[in-house]
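Asks: Just lifted these from Swiss-Prot, have a look:
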- GLN731, ARG841, ARG890, LYS942: RNA binding site (BINDING)
- ASP792: Mg(2+) binding site (BINDING)
- CYS1119, CYS1122, CYS1137, CYS1140: Zn(2+) binding site (BINDING)
- LYS1052: N6-methyllysine (MOD_RES)
- 1119-1140: zinc finger (ZN_FING)
Amino acid sequence: MYDADEDMQYDEDDDEITPDLWQEACWIVISSYFDEKGLVRQQLDSFDEFIQMSVQRIVEDAPPIDLQAEAQHASGEVEEPPRYLLKFEQIYLSKPTHWERDGAPSPMMPNEARLRNLTYSAPLYVDITKTVIKEGEEQLQTQHQKTFIGKIPIMLRSTYCLLNGLTDRDLCELNECPLDPGGYFIINGSEKVLIAQEKMATNTVYVFAKKDSKYAYTGECRSCLENSSRPTSTIWVSMLARGGQGAKKSAIGQRIVATLPYIKQEVPIIIVFRALGFVSDRDILEHIIYDFEDPEMMEMVKPSLDEAFVIQEQNVALNFIGSRGAKPGVTKEKRIKYAKEVLQKEMLPHVGVSDFCETKKAYFLGYMVHRLLLAALGRRELDDRDHYGNKRLDLAGPLLAFLFRGMFKNLLKEVRIYAQKFIDRGKDFNLELAIKTRIISDGLKYSLATGNWGDQKKAHQARAGVSQVLNRLTFASTLSHLRRLNSPIGRDGKLAKPRQLHNTLWGMVCPAETPEGHAVGLVKNLALMAYISVGSQPSPILEFLEEWSMENLEEISPAAIADATKIFVNGCWVGIHKDPEQLMNTLRKLRRQMDIIVSEVSMIRDIREREIRIYTDAGRICRPLLIVEKQKLLLKKRHIDQLKEREYNNYSWQDLVASGVVEYIDTLEEETVMLAMTPDDLQEKEVAYCSTYTHCEIHPSMILGVCASIIPFPDHNQSPRNTYQSAMGKQAMGVYITNFHVRMDTLAHVLYYPQKPLVTTRSMEYLRFRELPAGINSIVAIASYTGYNQEDSVIMNRSAVDRGFFRSVFYRSYKEQESKKGFDQEEVFEKPTRETCQGMRHAIYEKLDDDGLIAPGVRVSGDDVIIGKTVTLPENEDELESTNRRYTKRDCSTFLRTSETGIVDQVMVTLNQEGYKFCKIRVRSVRIPQIGDKFASRHGQKGTCGIQYRQEDMPFTCEGITPDIIINPHAIPSRMTIGHLIECLQGKVSANKGEIGDATPFNDAVNVQKISNLLSDYGYHLRGNEVLYNGFTGRKITSQIFIGPTYYQRLKHMVDDKIHSRARGPIQILNRQPMEGRSRDGGLRFGEMERDCQIAHGAAQFLRERLFEASDPYQVHVCNLCGIMAIANTRTHTYECRGCRNKTQISLVRMPYACKLLFQELMSMSIAPRMMSV
């Protein structure tokens, strides 16, 4: 890589990076990371892995379809019918394509898919080999090449997307935003993102203590074959509690039992060993207790040995297990066969499912028991369910693979059924017709569209909310949504443990960004530099270990295990090694050279427990760290210099990893490294804190996620405030994407004059917050002025608002399509006329053009018609003279929302997937800040606008500066958002200095004292206070006031969208009470608590009015004799109660309609409520 003379320029000492140099150097390293990876790389890589590896693997793993007709006994001699074998082989994926109605394929661009409500998917083809075997003839092989089997939705910006690798200019020509990160799908025109799902890691042994159950301790192993369709099979090894109901009068002591898959009862552990073929006690103990010099442990196993004393042979043990199976066999042979199957295929499948894996399984089972005993003896800590090393994240790849596997299985089933029909009739079948392509296409589309992850027919078992509509409110909310993690624990559970911030989340998951309320701590977000492993094959590592003198389990004597180190690969025990130190060094060296071992593999050496664990599986969360050797960074100046020139010399992050100065460390391995926070810690001091550092953080601010990285000085705020801002930053208005004018989003807010903040963090440049900001630098004073800013409200400058301060535009799209309901009902876009059209509302239809659509530029207000559409009324058979019907059509137009007004911005007419006419109309309205709108600073300080004063009524400084916003001093002390104040100071300095201020967290170079000194250099008060003059009187305000520029955001909650009142309006059909909700012009509920207040006041008439007259007044006629509602004909004034034959003694009772309904419903249940009139 370097020439000899190039090396000469750097001396050994010269090349070291000093702490001062590091202030800038670390950001060069971080920039190179983001240049290469971007922010959604984990989504894209996972999807690419699915397309390139998983699909092919799933197709190859499927067994060939073997078909044969029933033998025909027609002509005396039995002729063996031909056998057909179908094998699916190589797969091919084409570019995303769309077939028009005329059948011509054309490449589909993502924006076209969004606008026309199509699915952005690519066709999948497969080679099928069909073999015909006839008796006495040689085999006939036919190749069906590239048979279409379905469409797979494509993730935007992944390798197979049409946008992959295009320049910014090309993207703009395709109406795509160059800043859009991709990482989502387009299904029926809406953008869907797959949320990473958390799960416990498979194939690892966990030991937990059990509370209040018959077991004291339980060891479990969720065992699952890599890349197989089998569901995980879990095996539990448990130790019974002392003197519990399980221990037989506790004479025997604590027994150990195993719970096997498909076996109903628990089986004593020793019997399982005997069933595996280890009969003598010594053999079994050797596999459990490696060291016989351990009396305590021997004592623990003794009760289990005594219990299984009765059963001494393998077959007896197998019979014992088989007879407890799900459906026990009739004969002994069948039972034994069943037990053998369970032990071979279902117990610990990851160790092996082929024959002769008994030794390995016995060792693994023994290891599980050993772990259980260690925990029971208190020699090893129990496992932690919430440790992030024990968790795996299922991203798009594994999630889609799970779905595709199920769909493909169904496809094969259908092919088999179809082909068998033809073969039974003695005909050949057509493969193209046998393959139902809709199974895969619709199956994947259904799950991505609804978020129910699984088969459509079993929707109730499926996980909900795996796929969500991508949040497009602000650019930051989009990025954050693409990096979200979800724990599938019931939201209603009151468990605090899984919700708490675990130590192992440091650097992997953002500590601040999590929703408030019932999902707190269950929904998390990735930290900025965290990456999720894609998974790689363990085979090269296994081969390497074989060469490097690892002893295989089958070849060793059990006695050797006690002193050696066990080696696990992906949770499976593969062997032992005598020299772990050297092995680990070699493995690490290989990983750093990226030779044999991929950089995302993690290697953990647990010295205390004498174990080496190697993980290559997918879904481990890891992050890059700098490698330290001999207390010096391996990263040198020359690397930094090359990175600075990376645009010209192609030296990138990948080269940095390849040259072995950075490596990826996952959560488990992080616990075995010694981490320096800054290179400053590596300096030799008099009192060294530690002299064995192995790694160093790149920059501590990288522990934060997307939304928390926007906060200036988050290390000066009380922690919940950062959490609040992380949630509010997702609701701020800005420019959410640069191509918003060509998109037809259902809802969109765009700020008129967004500004980049004066005070920024260094992380912001990777979030593109400077290019797509969401807020304005406002002059903010902290004062109580006229008292219109109490309780978190703010006073705004009316004149600034008139000049465009925080003005925004709001877009809403309406869509409608013509579709054919039946053969005689068809929908048409047209302008309905009152002569021929039934059911027209009292609305203005005049604004429509003749084609039924409104023209752009027309001003519309609530309940105006935007899209005119009619549907033909079906002709009734009984009408003979149907020619002179008055109405032939029914109106089913689309109206503007009642509470909105605006101007039609854009009208789009096109054809949708079925070839029907389809239109989208976008209406825009200008939103000017007004009293009641919500604003917030970047520190969780939210407030609504309390009043707006003209500029001349606002206070002013001697320089003539008036604040845009005045907030109340009471907002600061109890909330301790000191970052807010420092930001204001820093902003003041920046405005004077003319350069952007740095507010990156954990940065010792910036502190309040330094900022204050700079401020006083510019002739201001040290702490930012100024003398203000009252705007009403012009007099000096007695106290000095803190004033300066602070970045404020306008949030999406606006008073226009929420204002609601009702006098009269629609009522519900069932109980005749007012409807609910603003959109339906509903009433306001007078609830139980309000009722109680009125009772306490004794306001009886008011109570009657609210709960009766203003709600659902009704009157019924009641028979005075039996108290049940009577028949009343109010026109003829005749009343009767048939049961009592009473026509005279009837009273009129007024009651709420809901009460009458309740009485009648009770009557339908044979309960007769009688209303006796007094």
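Just so you know, glycine gets a Cβ as well, placed from its N, Cα and C.
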Asks: To which of the recorded positions ARG841, ARG890, LYS1052 does the lowest count of other Cβ atoms within 10 Å belong?
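Replies: It is ARG841 that, of the recorded positions ARG841, ARG890, LYS1052, has the fewest other Cβ atoms within 10 Å.
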Asks: On average, what pLDDT score does this prediction assign to the zinc finger (1119-1140)?
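Replies: Averaged over the zinc finger (1119-1140), the predicted model reaches a pLDDT of 95.
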Asks: What binding-site residues in the list ASP792, CYS1122, CYS1137 lie within 10 angstroms of LYS942 (RNA binding site), counting C-alpha atoms?
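Replies: Near LYS942 (RNA binding site), where near means Cα within 10 Å, the binding-site residues are ASP792.
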Asks: Out of GLN731, ARG890, LYS1052, which of these recorded positions is nearest CYS1122 (Zn(2+) binding site) by C-alpha distance?
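Replies: Going through GLN731, ARG890, LYS1052 one by one, the Cα closest to that of CYS1122 (Zn(2+) binding site) is ARG890.
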Asks: What three-state class does DSSP give CYS1122 (Zn(2+) binding site)?
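Replies: DSSP call for CYS1122 (Zn(2+) binding site): coil, neither helix nor strand.
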Asks: Listed RNA-binding residues GLN731, ARG841, ARG890, LYS942 - what's their greatest C-alpha to C-alpha distance in Å?
Replies: 49
Asks: Compute the mean position of the Cβ atoms of CYS1119, CYS1122, CYS1137, CYS1140, which form the recorded Zn(2+) site, and then list in sequence order the other residues of that chain whose Cβ is within 8 Å of it.
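Replies: Counting only non-site residues, the set is ASN1120, LEU1121, GLY1123, ILE1124, ALA1126, ARG1138, GLY1139, ASN1142, GLN1145.
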Asks: Write down the Cα-Cα distance for LYS1052 (N6-methyllysine) and ASP792 (Mg(2+) binding site), rounded and given in Å.
Replies: 17
Asks: Want to know which binding-site residues, from GLN731, ARG841, ARG890, CYS1119, CYS1137, are within 10 Å of LYS1052 (N6-methyllysine) at Cα; which are they?
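Replies: Cα filter at 10 Å returns GLN731.
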Asks: Whole-number Å only: compute the distance from the Cα of CYS1140 (Zn(2+) binding site) to the Cα of ARG841 (RNA binding site).
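Replies: CYS1140 (Zn(2+) binding site) and ARG841 (RNA binding site) have their Cα atoms 48 Å apart.
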Asks: Taking DSSP three-state, what's GLN731 (RNA binding site) in: helix, strand or coil?
Replies: helix
Asks: On a simple 10 Å Cβ count over all chains shown, which one of the binding-site residues GLN731, CYS1137, CYS1140 is most densely packed?
Replies: CYS1137
Asks: Near CYS1119 (Zn(2+) binding site), which residues of its chain come within a Cβ-Cβ distance under 8 Å, counting only those 6 or more away in sequence?
Replies: MET1125, ALA1126, CYS1137, GLY1139, CYS1140, ASN1142, GLN1145, ILE1146
